[in-house]
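What follows is a set of notes on a single structure, which appears directly below.
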Amino acid sequence: MAQFLHLLLLLSLSSAILQVSIAGDPDILTDFIAPQGVGGPLDGNYFTFTGMRTLVDAPFPSTFKVLKATMAEFPALNGQSVSYAVLEFPNNTVNPPHTHPRASELLFLLMGSLDVGFIDTTNNKLFTQKLQEGDIFVFPKGLVHFQFNSDVNNTALALSAFGSASPGTVSVPNSVFNSTIDDNVLALSFKTDVATIQKIKSGLSG
Ligand SMILES: *[C@@H]1O[C@H](CO)[C@@H](O)[C@H](O)[C@H]1NC(C)=O
Ligand SMILES: *[C@@H]1O[C@H](CO)[C@@H](O)[C@H](O)[C@H]1NC(C)=O
Ligand SMILES: *[C@@H]1O[C@H](CO)[C@@H](O)[C@H](O)[C@H]1NC(C)=O
């Protein structure tokens with residue numbers, strides 16, 4: 001009996017370890033993943049992403065804008081478990097509630113101020129902060145979060161690092177109200193009527 005319990009304990013421990021080890025991007029068995037079908041030897045260019053050069057000396061956008069350097073834009077990140085996004089907030093703009101299913105996010109506020117927040121899974125508890133220039137905030141993996149530049153006179157600029165080469169984004173407004181989920185399902189879910197659901201949907205579909 002004692003041996004059986006011992007075995008059970010070992011099994012549950014090892015499955016816990018297994019769960020921890022598969023909670024992020026998979027580890028690769030090579031230094032990096034070379035692109036398919038490329039003939040000659042790789043050089044530093046493959047490991048360089050120049051897509052952010054468009055930010056240099058560019059005018060600030062007039063709406064909230066995200067510039068990503070994930071595996072999709074920068075294939076050398078495949079297998080490296082990291083990625084970046086640059087977030088530009090004109091005055092009084094919001095990055096609506098969303099989640100990144102595969103990564104936590106480490107946001108570094110480079111310019112301006114930013115109201116940030118996330119909701120936990122235990123009790124929908126809201127954790128908020130008003131960040132000032134130079135602050136770093138972490139959004140735990142998979143949790144719903146937002147960022148808001150409430151300053152009416154100043155822009156805000158942030159750099160976010162992700163613990164995945166492909167963090168993914170699920171926008172709460174878009175996934176719920178800008179998808180083809182049936183209006184009746186939404187009306188029942190939000191305890192309202194179909195007309196109200198259609199009104200919300202029309203604001204996003206434009
Ligand atoms: C924004 O700028 C205007 C003009 O300079 C100023 O009157 C106003 O107080 C500022 N608002 C805030 C919230 O700082
Ligand atoms: C704030 O944003 C509005 C547009 O939403 C713009 O008209 C205004 O010029 C901006 N103010 C400043 C100080 O950037
Ligand atoms: C809603 O979805 C359409 C089609 O995918 C897209 O073009 C549009 O930008 C989305 N609306 C918002 C507010 O993101």
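Using the three backbone atoms N, Cα and C, a Cβ is placed for every residue, glycine included.
Curation plays no part in TrEMBL annotations; they are all automatic predictions.
The oxalate binding site annotation in TrEMBL covers ASN95, HIS100, GLU105. Residues or ranges marked as Mn(2+) binding site in TrEMBL: HIS98, HIS100, GLU105, HIS145. Here TrEMBL flags 53-198 as domain 'Cupin type-1'. As annotated by TrEMBL, signal peptide applies to 1-23.
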Integer Cα-Cα distance in angstrom, ASN95 (oxalate binding site) to HIS145 (Mn(2+) binding site): 9
Tally of DSSP helical, extended and coil residues in the domain 'Cupin type-1' (53-198): 24 helix, 58 strand, 64 coil
Candidate with the highest Cβ count within 10 Å, taken from the binding-site residues HIS98, HIS100: HIS100
Which same-chain residues, if any, lie at least 6 apart from GLU105 (oxalate binding site) yet have Cβ under 8 Å of it: VAL138, PHE139, HIS145, SER160, ALA161, PHE162, PRO167
Cβ neighbours of HIS145 (Mn(2+) binding site) where a neighbour is any other Cβ within 10 Å: 23
